[in-house]
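Residues or ranges marked as signal peptide by TrEMBL: 1-16. According to TrEMBL, the feature region 'Disordered' maps to 20-56. Taken from TrEMBL, the feature compositional bias 'Polar residues' covers 43-54. Marked as active site, proton donor by TrEMBL: 140, 394. What TrEMBL records for 286, 431 is active site. Among the features that TrEMBL reports, disulfide bond is placed at 351-380. What TrEMBL records for 523 is Ca(2+) binding site.
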């Protein structure tokens, strides 16, 4: 299969000529939403293009299997594989982060044996003990572990139900999700309800921080609300939503909300006031904005105000943060800000923004957000296309004052590329490919499949090592200028999932171009079922928890209307 990847790359039309890059979408493309046009041409592929898409999906699946084989042999059930020296690390508390993060991808790819291996592991996790008593990140644990468990449950009780025969294994996912939340919930025991992000589960203490961040407060609500909906216990969602309220309605907007809807980064835990007015769509802030619109997708009735806040942030971003590099005015990036002063820098993490604008435009039936999102997507693709490895850098800038002061050796590069590199490493991040996925799902334009394939081929050529894939040091140096011997768990959860889905046929978990979605992806790319989709599913989930003491009965469940009937 590895040779197949190389031969596909050589034959791919995208390598025959450079892609046309401009300030926006290819407006000859019809929109998929019936309110915009009468059709969507992307999924009506010819037999030849369907065959190519399947070959590409198979190549991504091979990369998943290769990565899993290395992890399973040398690192499982620890958190991460060190693929150069075939060792392991436990940066996520030793609960098997790569395994839990890989679960939803393995389900989507139909990897039954891997799915069962992960389910067997989940049953053994003790959330009350952290590896070497290290600090636990409430944020990271929520998006990776809690999100992974809930997604696995939703998928295996729904569209992938036939994959696992032992119902008790699937029930364990929800039981362990609730068990995990119970072990984390003391983090919210603060005067305001804004949680500590750094906690110690062994003695139920915290790291003493006086502030928490926008993203680390605002990226809990989807997972904790989903857990409440599945279990019937409203407390979990209420815990996350209480802290979120101070972001939706800042106490000191004169400092903390420099532009309508755009917030500072750090919030006092004791008083819930913002302590700065600096931010953007970059790391530390990013997924707060991401979840505003995704909560509306999850439940439009309960979370309509989240949508309003997303609209305010999106409109302010277009008005105040959209920036065009002087050497490439055809490109559009979102700047960071300090107070009301934009800073012309960005990073790989921020490149999810195009996909988020596209999703917002899709569900709100607002073409302006999709148009702007596609500009961002094409511009982030440019950060990949311009480097020697064809992989985008961790941080970049188009601030010409900074260029003239500290980066004069990149002047020619800036004149050609429209950005210069601040930090050239690549740590297996997914955001650019993620946005390609959303762009393709709404437009059906095959250029986004080609963009994603280009990125995958480049990553496969540069980051693939002995037993897996590794971070690299410099995307603009031959061969990446060495590696960092670390395979992130989100390699399984995000990069490989989005790379696979963009070439895969329609299924229930795919983003639907007509705006009617059965699932919504959390920030770790774990698809969770939207709350309005099937009330019977939730009723049965609650019944599952009541029966956790009799897993070994191997019960068969039948859904009749909204009633769960159990037969032994």
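A Cβ is built for glycine as well, from the same backbone N, Cα and C atoms used for every other residue.
Automated prediction, rather than curation, is the source of TrEMBL annotations.
Features per TrEMBL, on structure.
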residue : record                    : Cβ neighbours (10 Å)
140     : active site, proton donor : 19
286     : active site               : 25
351     : disulfide bond            : 30
380     : disulfide bond            : 29
394     : active site, proton donor : 18
431     : active site               : 24
523     : Ca(2+) binding site       : 25
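Rounded to a whole number, the distance between the Cα atoms of residue 351 (disulfide bond) and residue 286 (active site) is 10 Å.
For residue 351 (disulfide bond), the nearest neighbour among the recorded positions 394, 431, 523, judged by Cα separation, is 431. Residue 140 (active site, proton donor) sits 25 Å from residue 380 (disulfide bond), taking the Cα positions as reference. Cα of residue 431 (active site) to Cα of residue 380 (disulfide bond): a distance of 9 Å.
In this structure the C-alpha atoms belonging to residue 394 (active site, proton donor) and residue 380 (disulfide bond) are separated by 12 Å.
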